[in-house]
Structures are given as C-alpha cells and as structure tokens.
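**Student:** Got a structure for you, written out below as structure tokens; questions coming shortly.
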Amino acid sequence: MFSDYSMSELGAIFAMQGFAGLILFSVFVLMALGLAIIFGQMGVINMAHGEFMILGAYVTYFTSIFFADYMPALFGTYFFVAMILAFIASGTLGLLVEWSIIRHLYKRPLDTLLATWGLSLILQQLYRTAFGAREVGVTIPSWMMGSMPVTDMIEVPINGIFVMVLAVGISMAVYIMMFRSNWGKQVRAINQNRVMAGAVGINTEWTDRLTFGIGCGVAGVAGSAFTMIGSTGPTAGQLYIVDTFLVVVFGGAGSILGTIASAFSISQAQSIMEFFLSGSMAKVLTLLVVVGILMVRPQGLFSLKLRK
Amino acid sequence: MTLSKNPLFTRHEAAAFAVLAFVIFLLLPAALDNFRLNLFGKYLTYAFVAVGLALCWGAGGILSLGQGVFFGLGGYCMAMFLKLEASTPENTSIQSTPGIPDFMDWNQLTELPLWWTPFYSLTFALIAVVIVPVIFAFIIGVAMFRRRVGGVYFAIITQAFAAILTILIIGQQGFTGGVNGITDLRTLKGWDIRTDEAKEVLYYVNGALLFVVLFIAHFVRKSKLGRILIAMRDQEDRVRFSGYDVASFKIFIFCLGAAFAGIGGAMFTLQVGFMSPTLVGIVPSIEMVIFCAVGGRLSIIGAVYGALLVNWAKTSFSESFPELWLFGLGGLFIAVVMLFPNGLAGVWTEKVLPQLTGLWKSRKSQPQKEEALQ
C-alpha cells in the first residue's frame, strides 16, 4: 500500500496523521481531566459529564454572539472571557447537582450512575428546548483561522495548536491544584481515608462539593475549547462519554498522569489506525485493545497503591 | 419462612405469578386493540432483559450496562435466518446478485459471507439465539470476574462493549445492514409474520416464553445458588472465605441473564419485524436497566411490570408530549434511585402489602421481607 507514495510524502502523511492524533489527544485530555477529578478522586460516576461540557460550549457560543453584537472591537479576545464564564456556569451547576443529588448517593456508586444518566437526559432536553435542536458553531476569531506551514507539504491548523496549548495549560493548572494547593491536599487525604481526614478537621462534606464543582467546571472549559474545532448540539455530550470513561479507567483512576498517558496512547493509536483502516474499524480496534488490556490489568496503566 | 420449610412457591409468590398471568393473557388482550397489543408484545420482549437484570443486578449485584449487546445478538441471529428466508432468488430477482439479502447487494457484495450460511437452518438460528449471547457473556465474565473486577468497572467495560458492537454493526454495512439494520423480514418457515393474526399469536408465544423464563429465574432465586448470590452481593469476601468460588457463580448468573436477553431479542425481531443497531447501543442498554430499576431490582415479577409500564409511558408520552418525554424519563431515573431504590415491588411490599394484610386481618403476618415478592 505504500508503493504509491514517495518517501517524503509518506513522512508528511505520518506527520499530519500524528498531528491529527495530537489534536485528538488534547480533546481527550480536556474531556478526561474533569472526570479524572470526579471519578478518580471521589469515585462518583458522572454520566452527565458530557452535558457539563456542552453547557460550557453553549456559554462560549453566547459569549461570542454578545461580543459580536456589543463589543466588536474586542472580538478577538472573547474566547478568554468565555472560558472563565464556562468554568463558572458548569461549576455552579455542578455544585447544585452535588448538593441536590450526588451527596445522597456516595455510598451507592452504581446508583449515582443511573441518577446522573437521568440528569443527562434532562439536560439534553433542556438544551434542545432552550437553544434548539440544530447544531451551532461559533465564529472563530480571525487570528485563530488558517494554518501554519511547517514544510511545503506539512501544514498545521492554528486552532488545533491553540487547543493543544489549552490542553497543556489546563493540565498544568489541574496538576498544581491537586498537588500544590490546600484543597488538593484535602481531596487526596479524603480519598485515602475519609474518616481520618474528617477526624483531623477537614470539612469532608464541603471538600466533596467543591471537588465535584471544580471537576464540572473543568468540563465546562473543555466544552468551551471544543467550540474552536467543532460545532455544538444538544446531544453532542453523549458521544464522548464512553471514550472519556475509558480514558480515565485505562489510565488508572486517581492518577492524573495516568489519564494523560492513556489519552495519549488511545488517541495516537486511533488516529494512526484511521489512516490504514476505515474510521469505524479503527475505533472498534482501539476500544477492543483498551478493553482487552483492562481485562488483563484492571487497575489501569498507573495505579495508586491504596489500602482499601 | 425458614430454610428447612422452603416451598418453591409461597402463597404470595403463587398469587403474584397468577396475577401476572391474568394481566398478560386475559386483561391486556381483552382491553387492547390489535395495534396496542402488538406494542405490548414488543414491551414483553424487553421484559426478558429486565428479568435477567433482576437476577444479575438485584440478586448478584452485577450491574451490566451492556445487556443491549446480548439482546442485539439474539435479535440479529433471528433476523439473519428470517432475512435469508425472505431473500429467495425469486424475491430478489431484480438485484444484480439474486438470492442474497438486499443490503448486501446494495453494498456490492456478490456472494453470501461464509458465516451467514449456517443461518439457513432454523434449528441453528434458534440455538444461536441463546448460545451466541452466552458465549459472549462467558468470555466477558471469565475475563472480568476471575480477575475480581466488579461494580463500577464492570459497568463501564460492558458499556464499552455496547459501544463497540454498535460501531461495528454500523461500520460493516455490507454484512450487517448498517444503521438501518436488517429490515423487510417476511416469513418464518412459510408463515407470514406480518399479519395481525401472526402478531397476536406471537404476543401469546412471547407471554408463554416469558413465563418459562420467569419460572427458571424463580427457581434460581429459590435454590441454594440464589441464596449464595445474595450473600455474595452483600458480603463477597465472607462468601469467598467460606470456600465458595465466587467468580463461577457470577459468570453463571451473567450468562443466564445474557441468554434471557438473547431470547428477548429474537422475540423482538419476530414481533416487530426488524433488528437494528438502535437496540444494541449504550442508550437502549441503560434504558433496560431502568425498566428493572422501576419494577424493583430485587423482584423478577416487578421487572416485568417495570418493562411494561416504562415502555407504555414512553409511548403514550412521546405520542402526546414529545418534548416532555426525556424530562419524564430523566426524572424517573433520579426519583427511582433517590426515593424508591427498590422500585415498584419495594413500594408494594413495604407500603401496600402491610396495609392490605392489616385490612384483612386474616392472621398476624410479619412484615414481608423483600424475598416475599419475587
């Protein structure tokens, strides 16, 4: 199959395909980070994670419209405002959901799965009723359009680079929050031993709520970033949920580094196989390999040694 | 109820079975027109899955989010046989290759793939309806339960299987009919399954099969195996330390649930006349869990009522208020989980039954435990 291509063409194809894989990697990382916090640290299965992302995307969409209508001069910068707003919107919704539903179900993880699935159905219908069933796309600011030539044959889209930069930035922020801040220390303490953490004076209830809120907020930012490379519809969130869970489980729940490593391997495997096989077969093979590895190594790639 | 005196049916259980038989075989056929009865026939096929889930999840504590996979495998096995019967060379003479299913012809296939050929035989297809889902369940079960993967991880991985199978079916259009599924099924051994009479007969066949499945499930629950399952759900380690091979019990019950789902899928194909990936994926698989949760995850009879009620509500709601249906379904999920974790059966045994027995004052009965309504 390679005989039709010259050597330099092949190199360009692999580079482009690798770059497509990197964009997919950024997407996976952004999606999975919020879930890694919620599922990995709290053990809560949030099936409505995708809908929190979509909320962020809609917030971005409306911010862009607002800027276009009232502050066209500042249109190039709307995205940064939108990201903060998306974090606040999704995070607030997360706090509300934790308070009303999740906190009653901490002892029954399988039931949180069903309840949050119900929540995701309600949110989907809410988006459809409020914003219409049609997919919406934002106007990308002009500095993000076009592509950057690397060599004569290889070109990389600027919005792709931007999403990658964002993924790196948000990962760093999450890492610093988890391992350098007081909140992160409390979350990890609760994860290791809830009763002891409470005994030494950590407000476990409030920390749980905050953790869930921050996880949802990160999902909102991820959704905001998605608008740069794709359109948003009410049911778009559901498409991502299985991938996202697999990324987190494959990486080893509880390990942020594992999540990033697994996002990298899954995305690269998928995008390289996509070149040789049809898109659906590449997806099937990737998922099968991931599930197969999980069957042999259920604790995932990076596992924390915890006394259960 | 003591262990030494443990009849197969207590009075309450016999009554519950009798009431369900009355509802399915007399009440619904008398009350509904042909179109509605056919719809309820479709709902009954979901009840097979719900009963299997009541065993796996309610008794065994294994939540599978991939029951749609087994439902689909059973359904596709049946659909392949029916499709081959419908694709005689005479019926398909306008195709470029007569004698193969129409979707294969559209996808430029010129001969029947080898793995389709056994499905010319009805016997093979009927065996495959049960065996294929069981083999799949066995492989998944051995791989997961032997390594002591359970709970949440099991749920997520079974869900991944539902996603994989859907993508595969949609992607391999030429072999599976793609996103439309296998449609235009006509006859079963020369018997036209599309007529109103056939639909009515199939409804009764469905009901009868469902009762066979219910009796098997009831027997399993009543046997020593059933009690070990419940012990395992509540204290897995203690059962393991008592010398039981926990994984084998889990694999068995998971395979049994898969077999029930497969039968349900095959009956769905017959009753509705098609099979498509929309019944395999993540969404239908989770909906099947909610049938079981609404009915009461501990009760096999409750699971049947759950399947019938949720689907009936879904149909009537989406007919009159299509916008509201998802709100209703979502709210149902949350309400069942938070307010009625044992579903309708729980409400019945905890709230209604004590009232009734109090009214009758037939004798001083103790408050019924959850085993009472199975």
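Counting starts with 1 at the first residue shown.
Note: Cβ is positioned from N, Cα and C throughout, glycine not excepted.
Pasting the feature list from TrEMBL:
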TRANSMEM  B:14-32  transmembrane segment
TRANSMEM  B:44-66  transmembrane segment
TRANSMEM  B:119-145  transmembrane segment
TRANSMEM  B:152-171  transmembrane segment
TRANSMEM  B:201-220  transmembrane segment
TRANSMEM  B:241-268  transmembrane segment
TRANSMEM  B:288-312  transmembrane segment
TRANSMEM  B:324-348  transmembrane segment
**Student:** Compare B:44-66, B:119-145, B:152-171, B:201-220, B:241-268 by their Cβ pairs under 8 Å to the transmembrane segment (B:14-32) and return the stretch that comes out on top.
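**Tutor:** It is B:201-220 that shares the most Cβ pairs under 8 Å with the transmembrane segment (B:14-32).
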**Student:** Under 8 Å, at least three CB pairs between the transmembrane segment (B:152-171) and the transmembrane segment (B:201-220) (pairs 6 or more apart)?
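**Tutor:** Not in contact, no.
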**Student:** For the transmembrane segment (B:44-66) against the transmembrane segment (B:324-348), do we get 3 or more Cβ-Cβ pairs below 8 Å once near-sequence pairs (under 6 apart) are dropped?
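**Tutor:** They do not touch: fewer than three Cβ pairs between the two stretches lie under 8 Å.
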**Student:** For the transmembrane segment (B:241-268), find every same-chain residue at least 6 residues outside the stretch whose CB is under 8 Å from a CB in it, and list them.
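**Tutor:** Those are 42, 44-49, 51-53, 55-56, 59-60, 62, 64, 67, 70-78, 126, 129-130, 132-134, 136-138, 140-142, 145-146, 148, 150, 202, 205-206, 209, 213, 216-217, 220, 225, 228-229, 232, 275, 279, 288, in sequence order.
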**Student:** Sequence-remote contacts (6 or more beyond its ends) of the transmembrane segment (B:201-220), Cβ cut-off under 8 Å?
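**Tutor:** Tertiary neighbours of the transmembrane segment (B:201-220) are 8-9, 13, 17, 20-21, 24-25, 29, 37-38, 40-41, 44-45, 47-48, 51-52, 54-55, 193, 226, 253, 256, 260, 263, 267, 270-271, 300-301, 304, 374.
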**Student:** Using a Cβ-Cβ cut-off of under 8 Å, list the residues of the same chain that are 6+ residues beyond the ends of the transmembrane segment (B:324-348) and lie near it.
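**Tutor:** Same-chain contacts beyond the ends: 287, 290, 292-299, 301-302, 305-306, 309-310, 313-314, 317-318, 370, 373.
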